[in-house]
Amino acid sequence: MVGKGAKGMLNGAVPSEATKRDQNLKRGNWGNQIEFVLTSVGYAVGLGNVWRFPYLCYRNGGGAFMFPYFIMLIFCGIPLFFMELSFGQFASQGCLGVWRISPMFKGVGYGMMVVSTYIGIYYNVVICIAFYYFFSSMTHVLPWAYCNNPWNTRDCAGVLDASNLTNGSRPATLPSNLSHLLNHSLQRTSPSEEYWRLYVLKLSDDIGNFGEVRLPLLGCLSVSWVVVFLCLIRGVKSSGKVVYFTATFPYVVLTILFVRGVTLEGAFTGIMYYLTPQWDKILEAKVWGDAASQIFYSLGCAWGGLITMASYNKFHNNCYRDSVIISITNCATSVYAGFVIFSILGFMASHLGVDVSRVADHGPGLAFVAYPEALTLLPISPLWSLLFFFMLILLGLGTQFCLLETLVTAIVDEVGNEWILQKKTYVTLGVAVAGFLLGIPLTSQAGIYWLLLMDNYAASFSLVVISCIMCVAIMYIYGEHSSLRPPVTRPLARPLCVVGLLTPPLSRAPELLPGHPDDAGIPTAPLLSDLLALRLSCHHLPPGSGPPPPPPESSSLRVAPGAECAPPPAPTARGSDEA
């Protein structure tokens, strides 16, 4: 009976009694495990899956990019994802509280908070722009369809009809063939691009010239922050219910757009442009770097959100199963979104008579210029535009929920008293208000410059640095030799060897395997930094505060549970030692 019960706990099939015993009455838990999985999927599947991955794929060798992408997923993404989930679930703390295991690395937690703050500020600005386009689509004719608007310039050339290519200021002797015009006119700008630059943003000429705050964008920014706050007003109890819609409906919209896209003329050309492999690209280091950065950015590793979401799990939840499901779902969504994007772009390229590369773009240029322009070619274009931007809003909100909850949970867990636990709603409100105020400069005429600057540098190489330090801290400093380690640390050793190759010193690689001897046949011993970190951990986590230690093994070298934190024995005479 004991063996069956233990096996059930290890597999995540925990009896009801154990579930009640592990309920965290102080912090609360997810209503059920589906809420955690859907929240994590919504967190991982974001705007980058739609506007970043398809562009990286076609730029870095098409289908050949899938090879380094899935290699990075298997050897970096899933192990890191699993490590963060198990780390947060074991400690039941946010990205700051978990570092009680080794307080000298608490700066990693602050680094995660800084990354989440940067991303949370500009991410909601992107959501507010999607709100703006969503509201602008509620019309019979999309405002970026033609060049007859007050903000259009002489260089505007639309794609719908040759009679609508100009705003009336060009000579009537222009060529009537649209393809010929688009291929030979170097001054051509699309109405969607002019709508984006000259009307929505009123873009300034320099990053230092802020100009005026765009009041329509400011209003949409307030709407987006209000929506995020209301969905998190009761923490994971309320957001866990919202994700049933926000995490699933984007797949419905993607499927609708995919079915519509593949039925269009030229869709096959766009999809082949997306998938055709260029194997020589695999030899370029930049391709592997883009694959790694996309995995880090897309899965949300080192942002602190995974640790935070897992901290609300029950202690014996099967987080290994969850990490595999969520990681694969995220990457499969990226590939699926590529079909949706390039089927429409292939249709647009076919309509214009140009190569797909002429219409392909990434980032805000894809979401707010290229794809909206392609939607104007479809019948009932406002309907497709509404669906597309509603999907972007939901994808952004799913990530924004976790970013805000990460900051709130870190603050509440760090203070840790009963008062702040009861006033968590006010903490959420304060963080939301601060995020709104910090986002106001991004709604100015120079705001898009700063948004792209934060997008390029806030979550790029910093994620790799944070992840490497976290791996070193957990596997080397906290380590296999600590009796306070979580029972999930040992399975992490093998997959994290690959991540450990990125971190010095490599001479300590044998310590990743417990009890593995070095070349001289002598079991490896902890270094001074290990002992110092262990003493600090023992100071903050006294013996008995963690889970029950594993059963002792038949080895004279095994240290008794709690012995690491015990005071050193009194010195004895050499003769008594030998006796």
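Indices start at 1 and increase along the chain as displayed.
Glycine residues also receive a Cβ, built from the backbone N, Cα and C atoms like all the rest.
TrEMBL lists a disulfide bond between Cys147 and one candidate from Cys128, Cys156; that candidate is Cys156. Under a cutoff of 8 A between CB atoms, and with a sequence separation of 6+ in the same chain, the neighbours of Ala44 (Na(+) 2 binding site) are Ser298, Leu299, Gly300, Ile326, Ser327, Thr329, Asn330. In this structure, the CA atom of Leu395 (Na(+) 1 binding site) is 9 Å away from the CA atom of Asn49 (Na(+) 2 binding site). Note: the stretches the transmembrane segment (215-236) and the transmembrane segment (324-349) are not in contact (fewer than 3 CB pairs below 8 A, sequence gap of 6 or more). Cα distances from Asn49 (Na(+) 2 binding site) to the recorded positions Gly42, Cys147, Cys156 are smallest for Gly42.
Long-range contacts of the transmembrane segment (108-135) within the same chain: residues 46-47, 94-99, 200, 216-217, 220-221, 223-225, 228, 302-305, 307, 364, 367-368, 372, 385-386, 389-390, 392-393, 396-397, 399-400, 403-404, 406-407, 410, 435-436, 438-439, 442-443, 447, 450-451, 454-455, 458-459, 462-463, 466, 469-470, 473, each at least 6 residues beyond the stretch ends and with a Cβ under 8 Å from a Cβ of the stretch. Annotation for Gly42 (Na(+) 1 binding site): spatial neighbours Val243, Thr246, Ala247, Leu395, Leu397, Gly398, Thr399, Phe401, Cys402, criterion Cβ-Cβ under 8 Å with sequence separation of six or more.
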